[in-house]
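**Student:** Sending over a structure as structure tokens; questions will come in a sec.
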Amino acid sequence: MGLFGKTQEKPPKELVNEWSLKIRKEMRVVDRQIRDIQREEEKVKRSVKDAAKKGQKDVCIVLAKEMIRSRKAVSKLYASKAHMNSVLMGMKNQLAVLRVAGSLQKSTEVMKAMQSLVKIPEIQATMRELSKEMMKAGIIEEMLEDTFESMDDQEEMEEEAEMEIDRILFEITAGALGKAPSKVTDALPEPEPPGAMAASEDEEEEEEALEAMQSRLATLRS
């Protein structure tokens, strides 16, 4: 570290351009991930409406928690995009410095952004590879592994669930519900066609459908 070009096989300008291309590619991956999670969330919303109409309080709560997890995952992905934009700006600055000084320089901004990006599971492998290349080039210093960030996630999740369930149910049902119901008698938005409620689904099938939905969301967030 510090000796620019010590083990470099490519010119600095070529390295910076390659890093920028990889970052943009990962941004597209993140965009797809966000869209997939949001599409699945729409399905969850419809399931919450159905469960509310049937007075299935436990199902409403489980699905609301899934939505909280999904929205939290989407927020983290948007944050990762912001960090990637910071790295891209840093790469532009490196090219400007390279033209003047003839070598790459250390960047605290890039360092901070990369420290955050290597913790994002969806892009972790690529970001670790990039960080190693940037360390060799002297742009960033060696980063320590930080594995403690998500230790309190479960506890925070429970607290958030208690606070957010009512709000989410109110939001999904356009105000027809303010909290998880014990029995719903009020008309909800987008009512079922006549006769649809008469044929209630088998309980086991509903459980399987719920588990399948949870599994899909967990896969998208992983």
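Each Cβ is built from the backbone N, Cα and C atoms, and glycine gets one as well.
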**Student:** Which one of SER47, SER103, SER131, SER200 shows up in Swiss-Prot with the note phosphoserine?
**Tutor:** SER200
**Student:** Looking at the ranges 3-13, 146-156, 201-211, which is given as motif 'MIT-interacting motif' in Swiss-Prot?
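**Tutor:** Swiss-Prot lists motif 'MIT-interacting motif' for residues 201-211.
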**Student:** When secondary structure is assigned with DSSP, how many helix, strand and coil residues does the region 'Intramolecular interaction with C-terminus' (2-113) contain?
**Tutor:** 93 helix, 0 strand, 19 coil
**Student:** Where VAL48 (site 'Important for autoinhibitory function') and ARG216 (site 'Interaction with STAMBP') are concerned, what is their Cα separation in Å, rounded?
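**Tutor:** If we compare the Cα positions of VAL48 (site 'Important for autoinhibitory function') and ARG216 (site 'Interaction with STAMBP'), the gap is 16 Å.
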